[in-house]
């Protein structure tokens, strides 16, 4: 929620909840991770989904550079570097198109089937896509295109569902650390993919005619192993307590919480967290009942329709539209920094920068993965202290400057790399520095902005909209980069550089600092005063109704009967719709 709300409002209420919990559990930090080792291990295992996402981002760039792969793709990855590159872009970008669709469907899967079963479905889709890709040794580019599209659908779903699952099994004290682990998992997947490509490139030889098809089939097929591990492991993982409560399985939710926390089912800490989750569930149901009365019944079809109807609502007021602009434009600029142009086509880029030998370019690509992984760690640790705006702005200026320097080097030396090899390595170092700037800034911070600017009642749909912008622009960048590298050469870096400077200006002048702000304060800076206050008043009514307020005031879990309202009425017996007129 943030911690800047003062002594009143939602911030004060949740500070009281946090203090009450910390009195029993201790403060956040490494010690809390040790105490919650079971939850930490579950979340870390689920982050295999993030590794798969990162591995897919990085792996295909090396495969595209392998001659044994190119000879199977014909005009879709021509051996002639001067040939039309548009179709080569499709081989890469088709995955992002699939991921965009997977993202749109993931909210439905996670809510209708559960987060746990949603991950199983996403893994199954992912594995099917990899199997289809593995047949491309005979099927050619058609099977690569089909397989990568289907794999993308799995990747998009995993990238959305895993953070939701981790945030809902984690206690509040370590939730931020466990969700941030997803970003590190993605960077880890990128890093290992580059080095696997570097190793398999030697299978049979490194030149056309001697390199084995295993050089590119192995990195593609290796994805099946972690995907199968995640699938099998998730069968034995617990359901999300939040999903169980939201679907009326409250006793099962208590047992899951008790097991996750290593405490008895009637322990006050378990009771406190159970009621907090229940309050959030009731809040969502009553919000839907008020805003979308026709969709209040949680049927599969209503859950599917709700995402799109709710997103439409975000465009109907000026204040909410401002938040839409911040989320979607931030994600636009994140992709047009050119980061995925580097991740998808790094070996091609390094060859253009004078590293003519494919092995050397793959080695340079491996360094990209290492520096990006290491650069992400400080941001995870310090972003809440430094703030979003300065980190994003400095990162964008750094990335843009690297692009311009690369453009100048390429413009002066594009046909003279053999004469000036030092210039080529200088450009390579600028690419590495660019990746470092992205790792600590726009990698994690853009997602933080997108996640925290929304009122409670619209957050799931706002984040989904931001993710859609990310994947669609990701698709466009993947599609056009080969043509730009061939057609305008150093102009590619000028374009990315100018757009990234514009991204820095957008963040500095149009995006407010959101560090440690409560939802009420978000309302003030976005000009929608009262939206979060109305949300809080609804939540305050629910907290009082189910007995959570009474616990936080020190009366303990006994009171007049846990789970009953202050009037002695069990909230399960009151229909959601009967409360809408009170909100």
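Note that Cβ sites are derived from N, Cα and C of the backbone, with glycine treated the same way.
Just so it is clear, the model here is predicted, and its values are computed rather than measured.
Residues 324-346 are the range that TrEMBL records as transmembrane segment, among 278-300, 301-323, 324-346. Within the listed segments 117-139, 255-277, TrEMBL records transmembrane segment for the stretch 117-139. The transmembrane segment annotation in TrEMBL falls on one of the ranges 390-410, 453-473, namely 390-410.
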